Each structure stands twice: as structure tokens, then as C-alpha cells.
Amino acid sequence: MERLLTAAEMRETEKAAMESGETSGRHLMERAGEGAVAAILSEWPDLADGPHRAAVLCGPGNNGGDGFVVARLLADRGWTVEVYLYGDPDRVAGDARANLEAWTARHPLQPMEQAAGATPPNLLIDAMFGIGVSRPIPDLCMQAWHALAASDAPSGPPGRTVALDCPSGFDVDRGGYFLPEPEGNDPAAWRLLPDLCVTFHAAKQGLFLEEAARRAPRVVAIGLAEDAAATAAATRVLSGDAAEQRAWYRRVTGGEEHLHKYDRGHALVLGGGPGKGGAARMAARAALRAGAGLVTVAVPRDALPENAAQLNAIMLSAMDTPDDLDRLLEDGRLSVVCLGPGLGVSARTRELVGSALDSGRRVVLDADALTSFREAPDTLFEMLNGDCVLTPHEGEFARLFPDLAERGRSLSKVDAARQAAARCGAVVLLKGAATVIADPEGTVGVHAALYDRRVPQLATAGAGDVLAGFITGLCAAPGRDTRAVTELAAWLHAESARTFGPGLIAEDLPDELPKVLAGLGA
Ligand SMILES: NC(=O)C1=CN([C@@H]2O[C@H](COP(=O)(O)OP(=O)(O)OC[C@H]3O[C@@H](n4cnc5c(N)ncnc54)[C@H](O)[C@@H]3O)[C@@H](O)[C@H]2O)[C@@H](O)CC1
Ligand SMILES: Nc1ncnc2c1ncn2[C@@H]1O[C@H](COP(=O)(O)OP(=O)(O)O)[C@@H](O)[C@H]1O
Ligand SMILES: [K+]
């Protein structure tokens, strides 16, 4: 699990380290440059073979400073290195100035204006802007990048492109690029998609909300200690190597031996009327596969025949009214209720949600159970607690939290989910290629199905119903932490899609899960 930092948290960490005398800005910059070169050579071992040609595009701040260090280190390896600077060299200050002078003492410096006419190099470095940017980068810089990144280098290895800390103009808090006003502009032009991003000390949050490079970001240590304050605030990205994943699974599920199916919990999934039962059946199958000892689907009486024809290991009950649900919930062994998939947007759904919450059970709310409260979200929020999970996609999120959704680009997806969880008092899982899970105490995890964990095949009808089912199944056993199982479910969901591969339909996900669980040593 990697920590994710915002620009402000990163600055805090640097500032605290420098003020304590533990390190200096000059030292950090040198380490950043060294780390970047090492990461580049390990990413492309053929570049270590011999001298090649690099172009380093430097900006006026400390990101440019990192670029001068990289340029010097590559030149020391015998490379031919061209350095292009945006702006007036006399205005470069501080640590960056020291490294600019170290460069110009032995090598020429060229203005950014000349970059676009140069021959594409074997290695192009974006050291124009880092975390200090909050607006689109200058046209000149954007054009220089595209001119040199456009085609393969004429000799030697193909042109590789690397961004230092983040691609210039990338919003490290929110993900995506700062774009100029739309008029007459092609937004794609401002997207500097490098092959690799080498980021310093810790991954920046935005890099895991939207893809910033073709490959997964590489984090390099620059000698900063973990800052306790920043770490407490930090968001975690939910990934890790195989051993970490196995340990994570054991930690979250408890790994205990279940002696009886009821020890694994009994999940109740409410389903819709005739012809509307598929979503709940998929959620129920997912819950059973994810580990609930028993799963019951409860549907209106007139939908019983259809469901009976489709269900085997899953049990079936009739439930027409909230009173029927209350009666079902008299069975104290029912540990979790999932409502929403295919349930219909209605007052009845609101009442069913009320009954489920009144019963004190864990409750997973998805789809129609969320949309049914669009007119009065607060009436839902008043009933929730930290053992409830809401799993909105962006549209459902906007219905429950219109103000947070409206703040769109000013609020990161992390902050939107964090504020939503604090407001409603439940765990909120906000879906997407980057899925954010927040609890009311402010702990946030990001599941980034990006880079080498990309699973576009998950964008298929019903995938969300299965996710609600996975959460439900993992919540069924007593004593588990609600946020932790929700995070785990998001990972299992994407991992099942990943191992299944192309051609995935939602029904495949529960049946793929056992393979993923076996890999976790479950
Ligand atoms: N000593 C330190 O603080 C360290 C900083 N590091 C590097 O420094 C970066 C942050 O440095 P800075 O805070 O100097 O910020 P940046 O280098 O990201 O950029 C800030 C500079 O660009 C100018 N600027 C911002 N947006 C602009 C725009 N759209 N058009 C024109 N000019 C614009 C600002 O006025 C400022 O001069 C990090 O991302 C990292 O790469 C690393 O070297 C580690 C150590
Ligand atoms: N491009 C994508 N990459 C990774 N995951 C995705 C992508 N698109 C959708 N998903 C995931 O698929 C699921 C879709 O859920 P949802 O939007 O509720 O759809 P549905 O209502 O059809 O089930 C969510 O878990 C979401 O995170
Ligand atoms: K950069």
C-alpha cells in the first residue's frame, strides 16, 4: 500500500525536513535527480549500455532544478545532453539556480524557443513544471514537448519520454491536466502523456486518480523521512505486491476457520419485481462467492417463480412490504442487507431502506436505494452509521451530494468522497476507473484501475451490482471492519476482471473470484 500525498502535504513534508535541519533543498534535489536517472535506466536497461542523446526541458522553478541535475548526471555518463530553459536564466533562484550554474559552468544552455526545431532525442525529460503549477503551462513549453516527443529518435534506441515528479501542467491533487479556456484550443494538446513519470518521495494523489503516463509511476526516495502529520492525512493506494495482498486479505477477513455456515454470516439481498431480478441475483451470487455462509434473495411474491427458476444455492423469500422485511429481519442470524440493484426508485424502496437500517444490521446501499433519496438525501443520512456502505457511481453521487459533485474540478475525487462520508456518516465508495473509498473519520483508500492494473472490461452492465454483492458477502461475517472490507471488495472486483480478461460480462465476475481468492491463500 502506497501513500498518496497532495501537493500541500508534500510541501509540508519538505518544509518540516528542511527546517529541522535533517536535510537541505540542495540535497533533496540531488537525490531526486539521482533517483530519476536510476529509475530511467532500470526501466530501459538498453539506455545503460552506452551514451545516447537526451533533451531536458527545464522550467523556472525547482522542477527545472531537478532537470539540471539529471542533465549533469547523464552528461557525466558521456551522453550528449541539450538543456532548454523556459524563461530568463537570471530569474532562476535558490537550489535550482545552484544546479543551473553547475550545468552552465561546463555546458551550453538553450532557450525553450529553440527546442521545437531540434532533432528528437533518445530520451526526453520533462522538468518544466512540477507540483508548483495550478494553471495550464505556457504554449511554448507544450509545443516544445510535442515537437521532441512526436517521433522516434533517428538513431539509437527509440525516443523515451519521462516526466519528473509529474507531467507539466498535471493536477497532482485532482488528476488530469489544467486546460486553457476551451475556445479554439485542443485540450489533447495540453496532455503531455509521457512514457514514464518518476515522482519524488511519495506518489502524488492525482497520479492515481487519472493516468499521467503510459506506465505506472515510479516513486523514488529522496531522503525524506516519513512525516507523521502528512502520513496521518495521507490517502492510501490499494495495490501492493502478491505477499502484501495475501497479508491484506488475512488482516481484513481475520483468516479464521469457520466452523459453521452461520459463522460466515447470512446475507439478505432484496430484489425487484418480475423481470427486474437479474441485478439482485448477480449481487447475491457475488455475496455467496465472496464468503457469506448463506445468502437469501427476497423479492415480491409475483417474482418468486422467476427467481426460483434461477437460484439454487441461494435461498428465496417473499417480501412485498416493509413489514415483510421486518419479519424476515426477526431472524437474528441475518447479518447484512444489500438493497438497491433492480429494486426500483420509489417510496417503497425508501421504506425498505428505513426498515433495514432500523434493524441495526450492516447495510449496503447501491443503485436505486441511493437514487430513491435524491429529493431528500438528508432523510437517508440521518439513518446511516459507520457500518453502512454507499456505493454510488458519479451520477448517483451527484444525486445525493449535488454540491460536492458541482464543485467538480475544484474538489478532488478523494475530497469529494471524504466530505460525503463525513456528511452522511457511512462508508462511501465512489466508483470509476479510480474508485475512492472513504469512511466518516476521514480515512481514504484509492483503488486505481489504471496503468498496469487497467480493466476497461469492467465497464459492463451489472458490474456495479456484483461489487455491491462482494461487499455484502465480505461484510456478512461478524467483527470485520466495514471500510476495510469495502476496500478489499473493490480490489477483488477489479482483480477478478483482470484475471478473466477480455470478453467479460458481469456474471463472470463472481465465478472468477475463487481463482483470485486461491491466489490470496484464502
Ligand atoms: N527543494 C525542494 O523544494 C524540492 C523540490 N523538488 C522539485 O520541485 C518541484 C516543485 O518546485 P516549485 O515549487 O519551484 O514549482 P515548479 O517547479 O513546479 O514550478 C513553479 C515555477 O513555475 C512558475 N509557474 C507556475 N505555473 C506557471 C505557468 N503556467 N506558466 C509560467 N510559469 C509558471 C512559478 O511561478 C514558479 O516559478 C517539485 O515538483 C519537484 O520536482 C525536488 O527537487 C525535491 C526538492
Ligand atoms: N473503465 C473502467 N475501469 C475500471 N473499472 C471500471 C471502469 N468503468 C467502470 N468500472 C467499474 O465497474 C463498475 C460499474 O458499476 P456501475 O456504474 O454501478 O454499473 P452498473 O450499474 O451497470 O452495474 C464499478 O465498480 C466501476 O468502478
Ligand atoms: K515535470
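For all residues, glycine too, the Cβ spot is worked out from N, Cα and C.
The domain 'YjeF N-terminal' annotation in TrEMBL covers 10-230.
Annotated (6S)-NADPHX binding site per TrEMBL: 62-66, 130-136, Asp165, Ala279, Gly342, His393, Asp465, in sequence order. The local packing around Asp165 ((6S)-NADPHX binding site), expressed as other Cβ atoms within 10 Å of its Cβ over all shown chains, amounts to 29.
The feature K(+) binding site is assigned by TrEMBL to Asn63, Asp126, Ser168. Around Asn63 (K(+) binding site), the C-beta neighbours below 8 angstroms that are at least 6 residues distant in the chain are Ala127, Met128, Phe129, Gly130, Ile131, Gly132, Leu164, Asp165, Ser168. In the three-state DSSP scheme, Asn63 (K(+) binding site) is classed as helix.
In the predicted structure, the domain 'YjeF C-terminal' (244-520) carries a mean pLDDT of 96. Feature annotation from TrEMBL assigns domain 'YjeF C-terminal' to 244-520.
For Lys431 (AMP binding site), applying a Cβ distance below 8 Å and a minimum sequence separation of six or more within one chain yields Thr391, Pro392, His393, Glu394, Gly464, Leu467. Residues or ranges marked as AMP binding site in TrEMBL: Lys431, Gly432, Ala433, Ala434, Thr435, Gly464.
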Rounded to the nearest Å - Cα separation of Asn62 ((6S)-NADPHX binding site) and Gly432 (AMP binding site): 34
Residues flanking the AMP site, with Cβ no more than 8 Å from the Cβ centroid of Lys431, Gly432, Ala433, Ala434, Thr435, Gly464 and excluding those residues themselves: His393, Leu430, Val436, His447, Ala449
Cα distance (Å, whole number) from Gly432 (AMP binding site) to Asp126 (K(+) binding site): 29
K(+) site shell beyond Asn63, Asp126, Ser168, criterion: Cβ within 8 Å of Cβ centroid: Leu57, Gly59, Gly64, Gly67, Ala127, Met128, Phe129, Gly130, Ile137, Cys141, Ala163, Leu164, Asp165, Cys166, Pro167, Gly169, Leu192
Alpha-carbon spacing, Ala434 (AMP binding site) to Gly65 ((6S)-NADPHX binding site), which is rounded to whole Å: 32
Binding-site residues whose CB lies under 6 angstroms from ligand 1, from Asn62, Asn63, Ile131, Asp165, His393, Gly432: Asn62, Asn63, Ile131, Asp165
